[in-house]
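Residues or ranges marked as domain 'NADP-dependent oxidoreductase' by TrEMBL: 28-299. Taken from TrEMBL, the feature active site, proton donor applies to Tyr65. As annotated by TrEMBL, site 'Lowers pKa of active site Tyr' applies to Lys90. The substrate binding site feature in TrEMBL is assigned to His123.
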Amino acid sequence: MSKINQKFFTLNNGNKIPAVGIIGTGSTWFKTVENDSTFSNELVEQLSQALKLPGIVHIDAAEIYKTYPEVGKAIKESTKPRNEIWITDKYSTALKISDTPVDGLNTALEKLNVEYVDLLLLHSPWIDQAAYGFGVVKAWKYLEQLYKEGKAKNIGVSNFGVEDLKLLLSSPEVEIKPQVNQIEYNPFLQEQTPGIYQYCQEQHILVEAYHPLGPLVLKNKAKENDEFVERNKEFYCLITELAKKYQKTESQILLEWTYEMNVLPVTTSSKFQRIKDAQYLFDPEFALSKEEVAKIRDLGSQNEPHRTYWKKEYTK
């Protein structure tokens, strides 16, 4: 297999994280029930193939995806050393699966067949203290505990806005700044919440992007002469032109753009070739120019932000 040119981001604690999450286990693979009848051998196969790729393989998981058994089986059967597997996990109170982040991670570690995860996130800031017995700050303190115990090598948050982060950072109880904020981010949604991109840059909190290929998903689902696609014709033509220029896929162009914006893309696909393309993203001869990065950014932000996830929560 050809040699890989892998890149990393440095987190605010000095640890390095692979610059692309190549295989998410939510979205396409998300399940409402976790049992033998819903076990996905197809996901195990995708993970197994990904774990055969050279370099550190970055896997994105979460308690609410209910896909720990598949990830665990693939890891157990893989010959890849643990230090060449990056596992991101997320805790959520949404489905009341675990009482606390500590309970959640201990269960996850058992199902994943590992002793630690590389990154543990609070999946959202919407934690109702009256319903769960603790709020966001206490939830974060649980993550700090797991970090100190070595069960989570890095900790962060997901879907947090500026005010949510300020709540944490201003609390006298909080000892450790989040290393990451994973949010929905792509050219059509450059601010999941007002000012969040710039605030994270200023605070040295790495932004991770889920749904980084959102514009391509929209185009692929669109009917002929779709109004939204037509309105963004210049954007889509640019992505196609750049793909031809660099002899890359349109997905790789958007992943590279995300990286150049100092954001870590996390992609999910049921097609192994796309997973492979993400792992082999960084070619020494391939880099978008500053002008190309700016043009994608500007064309993508010409319309109203296009949100795919958490619409209900963000439109309250």
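Note that Cβ sites are derived from N, Cα and C of the backbone, with glycine treated the same way.
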Between Tyr65 (active site, proton donor) and the residue listed as 'substrate binding site', the C-alpha gap once rounded to whole angstrom: 11
For the recorded positions Lys90, His123, the one whose C-beta sees the most other C-beta atoms within 10 angstroms: Lys90
Rounded Cα-Cα span from Lys90 (site 'Lowers pKa of active site Tyr') to His123 (substrate binding site), Å: 5
Rounded mean pLDDT for the residues that make up the domain 'NADP-dependent oxidoreductase' (28-299): 92
Cβ-Cβ neighbours of Tyr65 (active site, proton donor) (radius 10 Å): 23
